[in-house]
Amino acid sequence: MTISKASILGILQGLTEFIPVSSSGHLVILQHYLGYSQPMLLFDALLHMATLGVVVAYFRKDLRLITSGLIRLRVRRAEEMLGRRIFYLVLVGTLPTAIIGLSFKRWIEASFSMSIFTSLMFLLTGTFLWIGEKAAKSGKTIARAGITDALVIGMAQGVAIIPGISRSGATISAALLRGMERESAFRYSFFLSIPAIVGALGLELRESVVKKNLPQEILPYLMGALCAFAAGYLSLTVLQKALLRKKFFLFAIYCWIIGGGTLIIQLFRLR
């Protein structure tokens with residue numbers, strides 16, 4: 001893999017991993033229309049490591065608070081109590097994600113070859129984003145979120161394993177529909193992403209070692225990871241501002257254009 005190709009893929013991963021437009025859906029489009037081949041597992045693992053680094057860096061203060069709430073046997077400050085509560089809500093939300101992911105693993109892997117299905121999922125994502133934006137209101141914070149909220153949002157994250165369904169879009173929209181205010185929906189969505197990214201990273205590293213899927217040159221891989229980190233941090237900032245400024249619907253329009261455009265192309269090809 002060349003440095004330029006690795007950099008482009010890193011930028012694409014960084015942008016689509018956080019902005020609610022489905023990174024897996026874009027991967028299917030690249031494979032189907034541009035003849036793009038799936039990169040080595042280790043490259044995927046490094047990109048996931050970079051996006052994990054983005055979340056940790058962006059939410060470092062919150063994660064420090066959560067860690068403090070877990071380490072202390074006696075939680076005295078209200079902030080530490082909140083940190084511990086967030087941890088438990090993330091734990092609860094991760095359960096349905098894991099169950100859905102493990103139960104439908106083979107079907108989800110097969111869906112990467114269904115380009116028409118992916119186009120339909122882009123349209124569904126756009127609709128979900130639009131509804132989430134319109135349903136948003138000044139609601140409850142993470143401190144007031146309950147187990148049911150965590151389970152529903154976790155289920156949304158599980159469904160988002162399907163290519164064309166955005167993880168951040170599904171979880172943020174689900175949180176908004178559950179009555180969470182925008183900032184809390186944004187933060188909980190990405191707190192919940194940490195176990196999912198760690199899980200994907202672990203699987204990719206394991207398969208890479210088992211299959212001895214190792215590169216001859218490491219520089220392109222490192223450059224791809226660096227580009228993914230930079231693009232990811234930028235896209236996370238853009239997403240937060242768009243959500244707080246009530247511009248979330250713009251991502252819905254993008255998904256409709258991508259989904260509708262690719263669907264029309266495929267239907268013409270079937271004629």
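Note: Cβ is positioned from N, Cα and C throughout, glycine not excepted.
Matching 9-30, 185-206 against TrEMBL, the residues noted as transmembrane segment span 185-206. Counting Cβ pairs closer than 8 Å and at least 6 residues apart in sequence, the transmembrane segment (40-59) and the transmembrane segment (218-236) reach three or more and so form a contact. Counted as Cβ pairs under 8 Å, contacts with the transmembrane segment (248-268) are highest for 110-131 among 86-104, 110-131, 185-206, 218-236.
Counting Cβ pairs under 8 Å to the transmembrane segment (86-104), the stretch among 110-131, 185-206, 218-236 with the most such contacts is 185-206.
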